[in-house]
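Student: What TrEMBL records for this protein is below:
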type	residues	note
ACT_SITE	86	active site, for sulfotransferase activity
BINDING	86, 87, 88, 89, 90, 167, 175, 292, 293, 294, 295, 296	3'-phosphoadenylyl sulfate binding site
DISULFID	275-287	disulfide bond
DOMAIN	77-312	domain 'Sulfotransferase'
REGION	1-74	region 'Disordered'
């Protein structure tokens, strides 16, 4: 049996509630291992990872703010960005890497979902070298929806700090679809994939683009191993509108001095999101690649309405579980 987190009997109540909110054909339990493989935010290959972990490497990407030294030692990460896909994890990683006391892997190791059989020494070797006082980090967005990940991370270090970037699940699903569409133009329309039965309005919760956004269901799995105090929820929306404010929370959570501040960011009107710059650097800001900020396809408003209705009870439960109101419903009513 998994160790009990500080949430007491929460699992039973939320588990029952969550499963009763789905139609019989849509039941997905936290114990199900049927999560399909889905292209992640970056296509990390074994070759990239072995290169990152090779003796002559400079430690898997290192910090963007300083030249990587050849001294220090490789350590297992003390903090992980575990999700969610298309929530803003890359933006968060790049911003936190601007902190001199953070060293992070540039690629996604996928250790706790795809590469676990390679062992902790392989994982450690993928990490960058750090000095005493520096924090080692990595991000792999698929961890949040991987059933085995909480147990595996807990067995590595039960005091690991976890960061989850969440975003309005409707816009997250559309962004997820947009990314897949850019790679596979032949796939069916969003409207076709989103429904089991369009006439009856039955949402297909088994489609990963929809399922990832049922945050309360996935969080239930993590709370069996980690207390809420070890999990930070970052708003993907506020990461765009107030990046410095969200980064202040991240730095506080990690026990870091607030060094990444508003002077590190510049809003790019063309892309529609902030770009990162070093405060002492007069060169052009460093923006995320062309795979970020894609224009979303136009989706039938009725489909958007049905998805909002589908997600609302799960969002409310997520707010209750985390003690945070992300105001996704309010945001939609303003449109």
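Counting starts with 1 at the first residue shown.
Glycine residues also receive a Cβ, built from the backbone N, Cα and C atoms like all the rest.
Unlike curated entries, TrEMBL annotations are predicted automatically.
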Student: Specify the nearest of the recorded positions 86, 88, 295 to residue 287 (disulfide bond), where nearness means the distance between Cα atoms.
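Tutor: Nearest by Cα distance to residue 287 (disulfide bond): 88.
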Student: Distance check, please: Cα of residue 90 (3'-phosphoadenylyl sulfate binding site) against Cα of residue 275 (disulfide bond), rounded to an integer number of angstrom.
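Tutor: About 12 Å separate the Cα atoms of these two residues.
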Student: Find the one among the binding-site residues 88, 175, 295 whose C-alpha lies closest to that of residue 275 (disulfide bond).
Tutor: 88
Student: So among the binding-site residues 175, 295, who's got the most Cβ atoms within 10 Å?
Tutor: 175
Student: Reported as an integer number of Å, what is the Cα distance between residue 175 (3'-phosphoadenylyl sulfate binding site) and the residue listed as 'active site, for sulfotransferase activity'?
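Tutor: Residue 175 (3'-phosphoadenylyl sulfate binding site) and the residue listed as 'active site, for sulfotransferase activity' have their Cα atoms 6 Å apart.
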Student: Compute the C-alpha separation of residue 295 (3'-phosphoadenylyl sulfate binding site) from the residue listed as 'active site, for sulfotransferase activity', stating it in Å without decimals.
Tutor: 14
Student: Taking the Cβ of residue 88 (3'-phosphoadenylyl sulfate binding site) as reference, which residues of that chain separated by at least 6 in sequence fall under 8 Å from it?
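Tutor: When sequence neighbours closer than 6 are ignored, residue 88 (3'-phosphoadenylyl sulfate binding site) has 165, 167, 234, 236, 239, 240 within Cβ distance under 8 Å.
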Student: Among the recorded positions listed here (86, 90), identify the one with the smallest other-Cβ count within 10 Å.
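Tutor: Each of the recorded positions 86, 90 was scored by Cβ atoms within 10 Å; lowest is 90.
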